[in-house]
Amino acid sequence: MADQLTEEQIAEFKEAFSLFDKDGDGTITTKELGTVMRSLGQNPTEAELQDMINEVDADGNGTIDFPEFLTMMARKMKDTDSEEEIREAFRVFDKDGNGFISAAELRHVMTNLGEKLTDEEVDEMIREADIDGDGQVNYEEFVTMMMSK
C-alpha cells in the first residue's frame, strides 16, 4: 500500500511524523495521531481515528511507528479520493457555481480553513492546477490535481 506513495508524499509524512514524535523514539501515541492527520489536511472523526489505530497498532501498545503510519496514510488517501468526494470538494471551492474556481474563490476557502496565503501563493496554486491557462481551475483540472497529490 505504502509503495503507491510518491517520494514527495513520503517525505511530507516523515516530516509531519517527526514533528509529533516528541522524544524521537520512532513512534507516536494515539493522542498525537489526530493532530498529525489534521496537519496533513485530513479531518478524521474520533471513531475513524480509533479504527485507524486499531488497524495498524499490531501489538496494541497504543503507539504507531512510521511504517505503520505510512500504510495508514496511503489507505486514507486512497479512500478520500473517491469521485463523489472530489466533486463535493470542487463544489465547496466553486462558490458561484459557474464550473470554475477563481483565485478569489480559492483564497476565500483557504482563509476559512485557517490558511493565510499571500496573493502570490494563491496565484501559484491556480497556475499549478490550471492546465489550459485560462487563469481559473475547471472540474477536469481539479480532478487531475486531486488525483496527482
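Each Cβ is built from the backbone N, Cα and C atoms, and glycine gets one as well.
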Listed in Swiss-Prot for the Ca(2+) 3 site shared with Asp94, Asp96, Asn98, one of Glu85, Glu105: Glu105
Secondary-structure category, per DSSP, in which Thr27 (Ca(2+) 1 binding site) falls: strand
Inter-residue Cα distance where the pair is Gln136 (Ca(2+) 4 binding site) and Asn61 (Ca(2+) 2 binding site), in Å: 48
